[in-house]
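If you look up TrEMBL, you'll see 6-23, 35-55, 70-91, 103-127, 139-162, 174-194, 214-238, 250-269, 275-295 marked as transmembrane segment.
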């Protein structure tokens, strides 16, 4: 319920800004950093879809699944649109360089795979035909996002090697690399688990069984890739902390990547019963709660003092 309230309130505020000040929309699209955060909109809707899928029928009745189903398709369209629109602006109007790039580039690209992972949560609650379409579309969304995300991770590695660390104001971006890895892994796991039931009795029945097994193997491999980026993120954060980190809204970037990587870790534990996954998942949960409490407290403090929110696209003089 809290997620629904927050998403609704901030969506209304965002839309009110666009209606009241429509001239701010184009500068936002052209800003090389702020535009990337458009990807957070469809990603922020997915927890609501998942919550309605799992808890909605008990709390609100069967209609919750219909709402979740409709919201999923809206989210899918929004995620793909942003994943295409923002790179288009990058290619045509925004100013970028390897030295200035960060893992924030991942945000618009990751949105479709977040929606894809949600298909595996929602599909078991839908009719046979609806589940088939949802799972099939989920795999397409996964394919749109994950390969592109890994190409950006390669550029991030090159940028760090050639130009060293970004400014400490971008410290949280070091954790964003876990996002596409964790979500990509979770997507394979959840879609793979949903596929056999969705395609049972169809010509794709055997393919769906392979998808389930490949989902486990692929999910495990991607989780392993994430271990390296997790260690690097921890080391870099310790270094940034020693230099002195000033809070900004980018600190919310600490929470989502850890959250999805934690969910992936527990999903692997449920499927494999390999105890180390439970231990690692518990440790990540503790870290996630700690990060969340710190970020929430600093956000509320900044809101109270009125010095937190700003529009970077409006602070830059227009040409």
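Backbone N, Cα and C define each Cβ position, glycine as well.
Highest Cβ contact count with the transmembrane segment (139-162) among the listed stretches 6-23, 35-55, 70-91, 103-127, 174-194 falls to 103-127 (criterion: pairs under 8 Å).
Away from its own ends, the transmembrane segment (70-91) comes close to residues 29-30, 32, 35-36, 38-39, 41-43, 45-46, 48-49, 52, 108-109, 111-112, 114-115, 118-119, 122, 134, 137, 141, 144-145, 148 of its chain (Cβ-Cβ under 8 Å, at least six residues beyond either end).
For the transmembrane segment (103-127), same-chain residues at least 6 beyond its ends with a Cβ under 8 Å from one of its own Cβ atoms are 33, 35-40, 42-43, 46, 49-50, 53-54, 57, 65, 68-69, 72, 75-76, 78-80, 82-83, 85-87, 134-135, 137-142, 144-146, 148-149, 152-153, 155-156, 170, 173-174, 176-177, 179-180, 183-184, 186-187, 189-194, 197-198, 260.
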